[in-house]
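Here the structure comes first, spelled out in structure tokens, and everything after it is commentary.
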């Protein structure tokens, strides 16, 4: 497994390559971010950003969203995968915010994960981006990069990936590191055809060296 020192070096190399890495979902409040992240499950940020302007214009707060029918919510998000289930989650989540949190998005993971449609990853994104709290959200890009660099074993769970990164990265860099790794996975270390020849981490990446060796045979 990659050492703590080399892991931190790798993260800082990624930060140098993608200094402007930030969350790609458009939002103006914790409520809008929460809804956008719920919609982003198994969907691209681009597809979510296409529907949220009209969605938030119609439903600017938990009360308006909770009062809507699932059918109406679906008309705004039908272009996104799993839209039927997500419409149910959005309505139930909005109602839960009203019933249990006075219409406000909670700023801690323990409360966030009790909301319909909200898992640990969504909670971590909201904590980090809406409230500036230290958190690392593990999506497919973060998992892939962590496993290719051997920061964790190939069999590591999402929680194990999150814990390994938290153990190796200073707490005040968690949110920035999370966005940076996503950008690195999206634009450099893609699932298919990663750009190994131009990768700044090739010298410490066993997976990249293996791929390069295979190409040269």
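Glycine is treated like the rest: Cβ placed from N, Cα and C.
Taken from TrEMBL, the feature [4Fe-4S] cluster binding site applies to 189, 196, 199, 205. Sequence annotations record features per position, and here TrEMBL assigns domain 'HhH-GPD' to 39-187.
Positions of the features from TrEMBL, shown on the structure.
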residue	record	DSSP class
189	[4Fe-4S] cluster binding site	coil
196	[4Fe-4S] cluster binding site	helix
205	[4Fe-4S] cluster binding site	coil
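Residue 189 ([4Fe-4S] cluster binding site) has a Cβ environment of 23 other Cβ atoms inside 10 Å. Cβ atoms within 8 Å of the centroid of the Cβ atoms of 189, 196, 199, 205 (the [4Fe-4S] cluster site) belong to the same-chain residues 148, 188, 194, 195, 201, 202, 207, 208, 211, site residues excluded. Computed over the domain 'HhH-GPD' (39-187), the whole-number mean pLDDT of the model equals 98.
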